């Protein structure tokens, strides 16, 4: 096929200029046509479009596969089999089964790949994903989600069948969605098996069905719990010996043989209907024979008997024959009880034949559960038996039985769930607590009371259950058979009372008579009561007579406890009551007052508040009752006050001495330091001013110095420098702020000195040389100990030697020449004062006369020179004055020269004297050291060699004499260093009145003035002087 392609540059109306090209259809078509749009789309390359593409292809060049076909990547594009049909399930594929037509990694296209719906998977999209089912073309998502309960569905693998949608359930789960437990199971959960067994109690529940949500089984009457294995409160389950019928209290005897042919028969009330549970029995079944072994206290019949509920039966036990070689006439046995035990082997729970019933029977027999009911004394029931017995009880009685506890005999309406035993009150017994226990009586709300029968007077310890009367022996009476009859005593051997005919009854145990008559008393009514005398013994026939003290009892004037009659004299002697005395008790005893001799007169205790001696006949007035001799520091008519100097409550014997502080109490209230008066009631002492306390033993706040004896004085603590206005009551020391001290805090703090508030300095004292750390608070001078001096107490004082702080007193000779040295020091100080004065006044003081005369003459010369018209006489006078001045200057110069030489010599002598004093001082120190060494050697000699003591003493004496001569020579010899020093100081005193330097300066000035005057005088004439005067009217000459 050839088509023409027109060049766009050639007009379209010129078809002959077009180019002819072959169709490009990849051999899938032989026809094509030109399309301008395709031409432009290819960039003017080709505009050919193929027609009628074959082999399931399409496109401008038949290069694409049609929908539902895909390009086989293994074949050439010109291959007729290039396009293959899509193999997709139309129900699970999007767009009805369209697949990817070609490979395109950018677009994630794979040739032939099916595009599955959301819940479909597989190469052909022909199966549901895991967890989905029901592939359908109508479902936009392809499959629907499995409706499975995750609790009941198996988790490993698919949840449901992909076709039917049925879920794969766990072992104990059922239902299409696995949302239900299997029958007899409950509690759908994520457990391995999905559900739990109901496990309902075989007896407590009707069956093994339970609620699927709660697991609650269907319980029989009054059975509770999820498994129906518990009894409801107020109900119980039976034990095997529940049906126990008590006989009389047993008294078992041991015999060597055995009872044989014991017959047990069941007496029924009438014929047994054939349709009843016991309808198939025969009469022989109700007759059973057995034997009683001497080694056992119970026997179990060899075969069971059939009894029906609600029917009254009679069980007859006959003991027909006793075996053994011994023949016991009238042998008997006491039967304790008869027990009806259920036959467990006939119950369905044990004989059903399934595995559970077989296991229950094996457990029942393994633990010997049936034997638990046989012994009289029960042991603990195994837990395995308790569970089975609960199920048996529920089956036999169709549930639990009510407790039915007796309201009077039980403590609660609830009973023990196992056996139904109620909680009984004291001495109450029975399952229902409905009767008294043996040995008790009086069943009632309080329980039962013990019989308490006397073991000596009673025939038995058991009493009547209702009256409590014990069975008494002969001659014994009482509810408990514990006493004798009236008029007898000595239980249990009762005998008549012995009361001298004056009483009918006596004490049961001791025989002491009761209610004696005729004013008698005693165990046998053998003596008279108080207030009577005589001998009432029956054998003597005596009587009891009233005591005349002073009158008979009951007369109102009998003041005796009792009386007695002396046998020899027959005199009646009274034993008076308290407060009475005398042979007939007609006087008041010491400590009492009154008039007992009058009618209705009585003796009363003296109202002295127990502050008198009752044995003292003069302690109070017997007629008036006034207290006369008060004790315990009391006073007053009734001894009701404390004495002066005492305080307290005299009526309570609490008078105490006033404990006033003598220093704080007003002096006129104290006769001595130990005798002061205070308030009689409170004990408050009368205090001095500013003194407080009951005993006046402390100062008032902000006061101190109680020991002054004049009261307390104010603390006067500084208002700013102290912490509070209060101070120590003994020392007066105030509490100072930091940096302040002194008693009132108005000084610097301790160990400081200076002015408070301005500047306080620490005491700079050497601790080795002070007596106390506090220095003088104003000057700061330290308080030195003896032998120490200095501002800081850091050097040895005068008269002491050694290295500080070991200062030792100098030799006793020091005092002899120390006075002379002190006098010299005083003179030296005077000279220094005069020298200081000379320094202040200059040479005017020493040469005041000569200088005044020179001044007068110079003034005269100045006057002449200053005159305008000087005469010859004046000039002559001027010259004369000049000569006089020159002469005086020469004299003064010579005097000064002599003084200068003398001063130099004096200085040399003073130096020599000081040098001699230094030598003398060193010699004294050497003597002191020698003396100390001699003392040390002396001690050594004394302690070591007695024979050498004398020589040592002689040598020391010689050395001491030599030292004495040297000291005397230094002070008494003429001339001596001391006397020479004194003379030198006297000369120095005169020489120091003038100062050489000041004099030289003044002398030089005067000489210059004289030379100047002399020169001027020679050159003067009257004319020249007059001319100079005229020319220099205002000129003045000053001569210094």
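Yeah, the Cβs are placed from backbone N, Cα and C, and that goes for glycine too.
Of the given residue ranges 819-846, 847-874, 875-902, TrEMBL assigns the label coiled coil to 875-902. Listed in sequence order, the residues of the same chain lying 6 or more apart from residue 782 (disulfide bond) and placing their CB within less than 8 Å of its CB are 763, 764, 765, 766, 769, 770, 775, 776, 790, 791, 792, 793. If you take every residue in the domain 'Laminin EGF-like' (403-450) and average the pLDDT, you get 91.
Under a cutoff of 8 A between CB atoms, and with a sequence separation of 6+ in the same chain, the neighbours of residue 734 (disulfide bond) are 715, 717, 718, 722, 723, 724, 726, 727, 728, 743, 744, 745. Ranked by CA distance from residue 181 (disulfide bond), the disulfide-bonded residues 125, 228, 687 have 228 at the top as the closest. Between the C-alpha atoms of residue 424 (disulfide bond) and residue 470 (disulfide bond), the distance comes to 24 Å.
For the domain 'Laminin EGF-like' (451-496), DSSP puts the residue distribution at 0 helix, 8 strand, 38 coil. Taking only the Cα positions, the spacing between residue 195 (disulfide bond) and residue 219 (disulfide bond) is 21 angstrom.
Comparing CA positions across the disulfide-bonded residues 116, 433, 687, the one lying closest to residue 576 (disulfide bond) turns out to be 687.
Of all the disulfide-bonded residues listed (181, 453, 576), 576 has the fewest other CB atoms within 10 A of its CB.
Cβ neighbours within 10 Å of residue 424 (disulfide bond), excluding its own Cβ and spanning all shown chains: 22.
In this structure, the CA atom of residue 178 (disulfide bond) is 104 Å away from the CA atom of residue 696 (disulfide bond).
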